[in-house]
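Chemist: Would you mind keeping the following structure in view while I ask a few things?
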Amino acid sequence: IIGGDECNINEHRFLVALYTSRSRTLFCGGTLINQEWVLTAAHCDRKNFRIKLGMHSKKVPNEDEQTRVPKEKFFCLSSKNYTLWDKDIMLIRLDSPVKNSKHIAPFSLPSSPPSVGSVCRIMGWGRISPTEGTYPDVPHCVNINLLEYEMCRAPYPEFELPATSRTLCAGILEGGKDTCKGDSGGPLICNGQFQGIASWGDDPCAQPHKPAAYTKVFDHLDWIENIIAGNTDASCPP
């Protein structure tokens with residue numbers, strides 16, 4: 001997270017960290033949506049990874065920290081055919097449920113769609129310098145704004161983004177506040193509702209007029225609820 005500060009230890013009980021089993025490198029975030037399921041970005045998938053819940057400092061563990069591995073992973077269309085503007089979403093079923101504790105609690109899915117102009121909070125253990133690989137020990141948090149989708153389309157002509165998309169655009173037009181490498185998969189929380197999953201942005205991060213894109217959770221609710229209910233062949237929104 002660029003331009004933020006250390007998150008309050010009590011404000012991110014739903015935030016999970018994905019890290020490689022071998023090198024213990026933290027590579028993505030995610031959001032606990034109930035005792036057994038985590039929502040993150042499809043591009044965060046790896047062969048072997050673990051999920052750390054209830055974590056704040058990487059060096060000093062919380063007493064209620066928990067580790068899980070994926071029992072099942074679900075992708076929209078049950079394939080990995082996500083593109084920059086579509087289907088960058090993955091549902092992970094944990095190998096065993098977690099109980100709520102001091103630093104662990106799920107975040108409910110959104111009850112209404114987000115509105116442009118909302119203030120949104122982003123969080124994660126990703127880079128805190130736009131260009132250097134400086135990673136913090138604790139998660140950083142910052143507020144950004146939900147922008148018109150066109151504001152993510154115009155600055156990136158090379159991506160040939162479609163006119164409409166199940167993607168949210170969020171950032172600060174003057175730059176300086178943004179998600180960055182390592183924050184992918186983490187939540188975008190607008191007006192207190194979980195509305196987006198960090199998907200992609202510019203490199204270097206936080207440049208003026210180069211906001212980032214977030215997968216729109218609201219558009220995928222039916223798919224999410226179906227998968228959790230056991231309808232594993234549920235189709236993704238077209």
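The backbone N, Cα and C atoms fix where each Cβ goes, glycine too.
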Chemist: State the disulphide partner of CYS236 as given in Swiss-Prot, choosing from CYS44, CYS76, CYS120, CYS141.
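Modeler: Recorded disulfide partner of CYS236 in Swiss-Prot: CYS76.
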Chemist: Of the cysteines CYS141, CYS152, CYS205, which is paired with CYS180 in the disulfide recorded by Swiss-Prot?
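Modeler: Disulfide mapping in Swiss-Prot sends CYS180 to CYS205.
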Chemist: Among CYS152, CYS190, which cysteine does Swiss-Prot link to CYS169 through a disulfide?
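Modeler: Here Swiss-Prot pairs CYS169 with CYS152 via a disulfide bond.
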Chemist: Going by Swiss-Prot, tell me which one of CYS141, CYS190 is disulfide-bonded to CYS7.
Modeler: CYS141
Chemist: If you look at what Swiss-Prot says, which of CYS44, CYS120 makes a disulfide link with CYS190?
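Modeler: Between CYS190 and the options CYS44, CYS120, Swiss-Prot records the bond with CYS120.
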Chemist: Looking only at the domain 'Peptidase S1' (1-229), what is the model's average confidence as pLDDT?
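Modeler: Taking every residue of the domain 'Peptidase S1' (1-229) together, the mean pLDDT is 95.
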Chemist: Which residue, out of the disulfide-bonded residues CYS169, CYS190, shows the minimum number of other Cβ atoms inside 10 Å of its Cβ in this structure?
Modeler: CYS169
Chemist: Please name which of the recorded positions listed here, HIS43, CYS169, CYS205, is nearest in space to CYS120 (disulfide bond), Cα against Cα.
Modeler: CYS169
Chemist: Between the disulfide-bonded residues CYS28, CYS76, CYS141, CYS152, where is the Cβ count within 10 Å the lowest?
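Modeler: The disulfide-bonded residues CYS28, CYS76, CYS141, CYS152 were compared, and CYS141 has the fewest Cβ atoms within 10 Å.
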Chemist: Taking Cα atoms as reference points, which of the active-site residues HIS43, ASP88, SER184 is nearest to CYS7 (disulfide bond)?
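Modeler: Nearest in space to CYS7 (disulfide bond), counting only the active-site residues, is SER184.
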Chemist: Given the recorded positions CYS28, ASP88, CYS169, CYS180, which lie within 10 A of CYS76 (disulfide bond) by CA-CA distance?
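Modeler: Checking each Cα against CYS76 (disulfide bond), the hits are ASP88.
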